[in-house]
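A.B. asks: A single structure is presented below for examination.
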Amino acid sequence: MNLTYLKSNLLIVLKSKKNQLLIVILILFSTFSLFIVENQKIGDGTKSWETYSESLQANSNYFDSEMLKKSTYKNTYDNLNKQAQELASLQNSQVFTDPVQYLNSYRNLLTTMQAGYTNHYAGANTLNVPSQFFISKELNRINYLINHKIPIVMNNESSATYLIYVLSFLGTIIFFYISFISADSWIINLKHQSVLKNIPYFFKDEIIGKIGINFILVFSSVLLSIIGAYVFAGIKHNFVTLNYPVNFYFTHALTIPLWSYCLVFLAYISGLVIFVTSLSMFLNQITKNIYLTIFIEGSIYALLFLPKDILKWLVFLPSPYLDLTNLFNGDLASNLHLTNVNFLTGYLILLIWSLILIYGFKYLGERKG
């Protein structure tokens, strides 16, 4: 690779006001969204448990003496009453900030919820009960905390839980961040021909250089965002071990420590950068318009919102794998009923499409040349 050519491109990208603004916004938002979490009490569970308590009460009231003569309905009624007891204990532990009681009450509540599925909650037609998949994930997390003797954190304000919240948010929007960074990857060359015209290069240099430059920008800014979020929340509240559990999915629901989740997150971003940069360069070559490039990339992401019966047939396209949060926590695999849809599948699909796009970019460039 021509290092002079690479340095020239890197200098242009670093001087871009757009890129500077995006990086600053990402780092500041990731760090200081803690104030929003505090103000809105995001993740403390109080409001969600109050809503579920109301749903429990309403469904318990549906059962009359005639229904309770049937064992199926009686089992559901008893299960709802037991859930109400465990939920009351859980809410008391929140009021008195008792992590041990919260942990035990939460596990008992989840176990009771899971047991209710044995008869499909017969008679409780409007109960807003979590899915079996969600219950399974939460039980894994709770058991991890108990087995590793890690105190549970009952909000998103500690260093570890706030970082988990930030990673969840970043996983959803990181595609757009990379898209905005890379949207002018090839257009830069068209605008700065006077700088680059006397420097010999090959398309291989161009492709590797653009991917490398975008990787440096994205990786460094995301890493700084992760560090900033963890440190700021730790200083303002308290530091919690990076061994704190995070729900993750491979071929089944499991739990991994936060530090491992961060490594997988950063590793997957490398594949996402390769794909989005390749896509941007290919679209730049065709449209020669940054806004049209962003629009088309956004449209590709929008395929994620198609009904799951349709999305199920698009698993060989990159779209399902652009939302890291749903991919990593298993919601995508659960919704599509495909157990093999995971981060490795996504990474492989993104790389395959990257090669196709790179070939297309090279073909168009050489033909025009």
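From the backbone N, Cα and C atoms, a Cβ is placed for every residue, glycine too.
Below are the features listed in TrEMBL for this protein:
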{"type": "TRANSMEM", "residues": "21-37", "note": "transmembrane segment"}
{"type": "TRANSMEM", "residues": "162-190", "note": "transmembrane segment"}
{"type": "TRANSMEM", "residues": "211-233", "note": "transmembrane segment"}
{"type": "TRANSMEM", "residues": "258-283", "note": "transmembrane segment"}
{"type": "TRANSMEM", "residues": "290-307", "note": "transmembrane segment"}
{"type": "TRANSMEM", "residues": "344-364", "note": "transmembrane segment"}
A.B. asks: Quickly jot the same-chain residues contacting the transmembrane segment (21-37) by Cβ under 8 Å, restricted to those at least six beyond its ends, or write none.
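C.D. replies: 43, 156-157, 162, 165-166, 169-170, 177, 180-181, 217, 221-222, 224-226, 228-229, 232-233, 236.
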A.B. asks: Cβ under 8 Å to the transmembrane segment (162-190), counting only same-chain residues 6 or more beyond its ends: which ones?
C.D. replies: 9, 12-13, 16, 18-19, 22, 26, 30, 33-34, 37, 42-43, 156, 196, 206, 210, 214, 217-218, 222, 225-226, 229-230, 233, 237, 244, 246, 258, 261-262, 265, 269, 272-273, 276-277, 280-281, 284-285, 288-290, 293-294, 297-298, 301, 322-328, 361
A.B. asks: Which residues of the chain, 6 or more past the ends of the transmembrane segment (290-307), have a CB below 8 A from one of its CBs?
C.D. replies: 175-176, 179-180, 183-184, 187, 276, 279-280, 283-284, 314, 317-320, 322-323
A.B. asks: For the transmembrane segment (211-233), give me same-chain residues lying six or more residues beyond its boundaries with a C-beta closer than 8 angstroms to one of its C-beta atoms, as numbers and ranges.
C.D. replies: 6, 9-10, 13, 19, 22-23, 26-27, 30-34, 157-160, 162-163, 166-167, 170, 174, 177-178, 181-182, 185, 242, 262, 266, 269-270, 273-274, 276-278
